[in-house]
Amino acid sequence: MFLLPVLLGFSFSAMIKEFLEYGLTMIDVKIAANRRWQGLNASENFLTQFNNPSSSLLGTINAIYDGWGNGFNTATTPLWVSELVPSKSRGRHVAIEGNLIAFGIVIAYYFNIGMTYASGPVQWRLVIAAQLIIIIFQVVWTMMLPESPRWLTAHGRHEEAIHVLTQLTGKNIKHDDASVLKQKKNIDDAIALERADGPWKFSECFRNGPLKIRRRFIYVICLQAMQQLSGINVLVYYMPHTLTTDVGMDYRTSLHVGAGLANTYWVFSFIGVFWLDRMGRRQPLIWGAVVCGLCFLLAGILQASPSSARAKASLTFFFLYEAVFAIGWLPIPWLYGPEIMPLRHRTHSAALSAASDWIFNYLIVQITPISISNIRWKTYIIFFVFNIFFALMIWLYYPETSGRTLEEMDTLFMGDNDRLVVIDKTGRLLPGFRSYMNRTDNPEMADEVTNRSSASEEKRETWEVHAEKNPV
């Protein structure tokens, strides 16, 4: 009686939660854009799953409501973090979120192992109830976090925005400190420029304009889809199934090996926490996709001629895949969207990119068992092709965003940078699309920044005209 409503509920919610998260975050009222409220609302929605799921209708409603909460969480958290932290550590902070996701997978695997020793309703009730600990912590912790200064400024709460910026800048910093006022002015100017176009309309997602908004939406939606189509959930979801069918392990042993993969995923995600801001965004994505693709290729070749030894050898490449994926492809797709989008479109792009992630997550989860059952090792060859194609797309079209403030991202799409391909004829990234990390340490980069500063002064005059006509 319990299995069918759960399957229906979660399948149904998986398909529509993307539209819920998208629609609700698009509502043009303050509460829908408030980062902290969305976090609290997500926690409240998660709590509903602890109702009695024995009713088919109630189980379905709870699953849908839980999907709503999960949609808020996945769309809001990277956005909120990106707006709160300085450019030099933005990658590290979003990578921490990815690290915690990986740690959650580890916990889930060990819960799975533990529940194989139990029987009856406790097998599913304890797993669900244990989530209360994390959810309650999230509710309490979210209430203590500051609101985004960009959101506060956009809604006319300037004193609160300055107060938050002061707290984020450092200890013993006063509200009238030059660095605080400079950050506030940059935010004011950016918002004034964005408001010059009037109220936000959904049709703006499909219009390029001088800021290339349509191109940016395509970038973030496609990058999130690439994350899922790279094949990570083939391993996260179905590793025990693969090990029992292709390698011949018993179920409990396959769970332990799956837990080992999850631990590898988690441990290597720490590399992104400490090094992502130094590595940038493009290189971990490009080389990560190449290595992940080769892992699938070699695993597929080994499993093409079935034998116990070959199947077990293919596990080496599954472990390598999870290690490499955790470094770049785990955090960067969640980070890239909030980075490159202007504040006017940031919430909407976060919702659309999260929707893209869950839609393709659902697609992979549904087709993988069918694919493995019918074409077996050729499934891995498909993901090899996907990954190599994704590496090529990142190399050709995606600019580097590390080191820039959120207000500086528009320079990636204006003036000399108004071009689709971001590399020159030699395959090297063009100067205007390179990292701003350590910008004063590199003479070439220092000249570029000086030139951009001069150009920014010219733009500032235009922005001030917009600000006078459209006060924040």
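Cβ coordinates come from backbone N, Cα and C, glycine included.
Heads up, TrEMBL stuff is auto-annotated, nobody curated it.
As annotated by TrEMBL, domain 'Major facilitator superfamily (MFS) profile' applies to 1-402. The transmembrane segment annotation in TrEMBL covers 94-112, 124-145, 217-238, 258-276, 285-305, 317-336, 380-398. Residues or ranges marked as region 'Disordered' in TrEMBL: 444-472. Residues annotated as compositional bias 'Basic and acidic residues' in TrEMBL: 455-472.
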Long-range environment of the transmembrane segment (258-276) - Cβ separation under 8 angstroms, sequence gap at least 6: 91-92, 95-96, 98-99, 102-103, 105-106, 108-110, 113, 235-236, 239-240, 243, 284, 318-319, 322-328, 330-332
Is it the case that the transmembrane segment (94-112) and the transmembrane segment (317-336) have 3 or more CB pairs under 8 Å, with pairs at least 6 apart in sequence? yes
Six or more residues out from either end of the transmembrane segment (285-305), which same-chain residues have a Cβ under 8 Å from its Cβ atoms? 226, 230-231, 246, 311, 313-314, 317-318, 320-321, 324-325, 327-329, 332, 376-381, 383-388, 390-391, 394-395, 398
Per-region confidence, the domain 'Major facilitator superfamily (MFS) profile' (1-402) (mean pLDDT, whole number): 84
